[in-house]
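**Q** Once you've had a glance at the structure underneath, I'll fire off some questions.
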Amino acid sequence: MTTVFDPHDPGRSADGDSVRDPLLDGLNPRQREAVEYRGPSLLIVAGAGSGKTSVLTRRIAGLLRSREAWPSQILAITFTNKAAAEMRERVGAIVGDTAEGMWISTFHSACVRILRREVEAFGFSKNFTIYDSADSKALLKRILKELDADMFGLTVSKAANRISQLKNELTDVDGFARDANLSDPTEKKFLEIFRRYTRGLSDANAFDFDDLIGQTVYLFRAFPQIAATYQRRFKHILVDEYQDTNHAQYSLIRELTRPPAPEQFEAAQGMIVQGSSTEAEAASLTVVGDSDQSIYAFRGADIRNIVEFERDFPRSTVILLEQNYRSTQTILDAANAVISNNFDRKDKKLFTTIGAGDKIVGFTGYSGHDEAQFVADEIQKLHDGGVAYKDVAVFYRTNSQTRALEEIFIRAALPYRVLGGTKFYERAEIKDAFGYLIAVANPADPLALRRIMNTPKRGIGPATEAALQAWADSREMTLRDAMRNATELGLGPKVTKAIVDLARLLDEVMAKVETAKPADILTELLDRSGYVRALRASQDPQDEARAENVDELVAVTKEFGKNNPEGTLLDFLTEVSLVAAADDLDDSSGTVSLMTLHTAKGLEYDSVFLTGVEEDLLPHRMSANEPGGPAEERRLFYVGITRARKRLFLSLAMTRAQFGEVNVAMPSRYLQEIPVELIEWKQSPGMANSRGGTQSRALNARQGSGGGSWAASLREAAAGGLPPAPPRAKTEWANAITATVRDNGDLTLAAGDRIRHTDFGDGTVNQVTGNGPKSIADVQFDTAGRKRLLIKIAPIEKL
DNA sequence: GGTCCGTATTTTTTT
DNA sequence: AATACGGACC
């Protein structure tokens, strides 16, 4: 039925030269159906690269264009803020500026928006702040200490994970207390921790990430009239990446798609009234997902949400999108082969008309650095061949793998950026600055206050802080109140003055928090508190860099002010709290992108390097014990593979450093699942294993029956006595870059100069580009091939 | 209260 | 390897 020719459809008019409908242009029949279908609930099962974003945006645009919905009646949930911005833009491009008023955002952003409006009904104040995981852990740490919980084997991260899991299941303290086995002392202790943590958050007028969703659900359930406001408002709800929703998010969607209040009453008596009035109708729901790409079980994502969609939402329709528009057949064959090893999945095979394309390139390095050098060299080759840096991405399983990559990339003068990872916002000086901002935005928060109380040094030590806290506790007041009344505590005159001065500063700035620009607030706080002055006056050379980071933060607030002229400090803090790793991706940056496999979801690149394809890394060691762990790791690998459009590189290392120790690594089991003819090994595991040479090429050349013969021999080699990595490899990367950055000063090179590199040996300079500290030498080494080096820091000398 | 130094712990993935 | 924390000492 989807292929019936429709003469009224401008997109496929017979003569072909009539105006094309931007809504349906270029879509296959399935995609079209997904755009045009109307009904209470629709599940679009969209394989990787099947154009789901396009379908989703056109579906929204269609609703608007036909006047089936006003922009304000649409709620679209995306996985990242970046995806939201992109979707908004693309809808706008089709229907014009009417896109305003739509809610296109992440679950968390949407919930904050709702909570800021409604939370006063709930006993919170609407200037609540958001605790990120580091904040939650800081709070838990205090609690665990108070309770001597380490005696019970409870750690901060264990408690944090457990609490997060409970909240994702919408279990609150009372709910947990009901079901917990309280004869178990550890459980009892945990309950106490959970209780204090919850109280700590509410005392601080703060929500953690999980609360944002959970409390919104509780709010809707406790106040049906508030829920009805949103149920009436949103007539079309669309959710992307539905396979990664957890129970709390699922419940939120359920609440929002319920018919508004009066209907609800009738439904409770067993009769569902249909279409009695527009006002009473439930919102239509469209979800898009792919259970093969579910990779967030560890944070509560429940694959059942998508598997059981048809049961949960009666009268629903399912549309399958299997044609892939992104990758070559070679890449898809590899992806299909890998994912087919997962059981209990609906069989689904991606296909394309693009053609086979290049083979997948495999490489085995002696070490993580060797592997990184391969990646850098290949990227340079691609770039020389006309590939832009921004079309290349490097993926890895764990953030710690960035170190080796960065070291090599810096030396090779490859422009790169790391998405996520140790973020700017996690630096101490940045958290300090935020401490000041939060202290002003939300005076109830003791965490922020403690952070800045003695930063810069004011002579307010732990003892004084404890005295203030005790004073506050005994009067059921906040720490901030105690500071204001410090004169009553009988502390020394110097300390008392320091405390009162700080309290006054915060109070004075707080008075303008509603009106002043975030940038001005921050500047005033940093200036008057003496924070920047202290950094600048410091002897510690690192403090200079810290001061620069603080300056950068000021620049960020100014930028925010420019983009949001009406934006308050609270708006700024909210936005910053909710940025995702992939959000700071600037497409115009012209750099290679480095990110974890998780961050890579939803993105695509011409050339993809998937590194560290080793046992214990991918699949990760930690996943082995968890039920469904290895299968989820396989999906992660699958997600990585399917990000690639044209070229895919799989690399691994024979040895991997971790905890400052070098361990033997073995090829990942997933490598064997890829048909051998799809991979061309530049250096196979077998080759790398043999003593620095390539004599075991035979191992690599023939796979023949059974497949995995090389893997078996490899394992054998790896298990037995392991390759004291070839001497060459050892010297090649030993202490490649030390903590102190090498500085060649004003060393200048010109074409024709002979140089000596500590790792690559002697070579001749081909040419020099760039100037000043950014000069790059293109060097032809006698034995190591051609490399590009950042002259200022490369370990080289002129001969 | 501040500073210095030795020891322990860390790395799975994220809003 | 890199950082965080606790205890000793000033």
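Including glycine, each Cβ sits where the backbone N, Cα and C put it.
If you look up TrEMBL, you'll see A:ALA46, A:GLY47, A:ALA48, A:GLY49, A:SER50, A:GLY51, A:LYS52, A:THR53 marked as ATP binding site. Per TrEMBL, the feature compositional bias 'Basic and acidic residues' maps to A:1-23. The domain 'UvrD-like helicase ATP-binding' annotation in TrEMBL covers A:25-328. The domain 'UvrD-like helicase C-terminal' feature in TrEMBL is assigned to A:329-602. The region 'Disordered' annotation in TrEMBL covers A:1-25, A:686-710.
Help me understand the surroundings of these features in the structure.
**A** In the three-state DSSP scheme, A:THR53 (ATP binding site) is classed as helix.
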**Q** Give the helix, strand or coil assignment DSSP yields for A:ALA46 (ATP binding site).
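**A** In three-state terms, A:ALA46 (ATP binding site) counts as strand.
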**Q** Taking the center of the Cβ atoms of A:ALA46, A:GLY47, A:ALA48, A:GLY49, A:SER50, A:GLY51, A:LYS52, A:THR53 at the recorded ATP site, which other residues in this chain have a Cβ no more than 8 Å from that point?
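**A** Near the ATP site, beyond A:ALA46, A:GLY47, A:ALA48, A:GLY49, A:SER50, A:GLY51, A:LYS52, A:THR53, sit A:ASP290, A:LEU321, A:ASN324, A:TYR325, A:ARG326.
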**Q** Find, among the binding-site residues listed as A:SER50, A:THR53, the one whose Cβ has the highest number of other Cβ atoms within 10 Å in the structure shown.
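**A** The residue with the densest Cβ neighbourhood is A:SER50.
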**Q** Could you tell me the mean pLDDT the prediction assigns to the domain 'UvrD-like helicase C-terminal' (A:329-602)?
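**A** Result for the domain 'UvrD-like helicase C-terminal' (A:329-602): average pLDDT 89.
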**Q** Enter the number of other CB atoms within 10 angstroms of the CB of A:LYS52 (ATP binding site).
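**A** Cβ-Cβ neighbours of A:LYS52 (ATP binding site) within 10 Å number 22.
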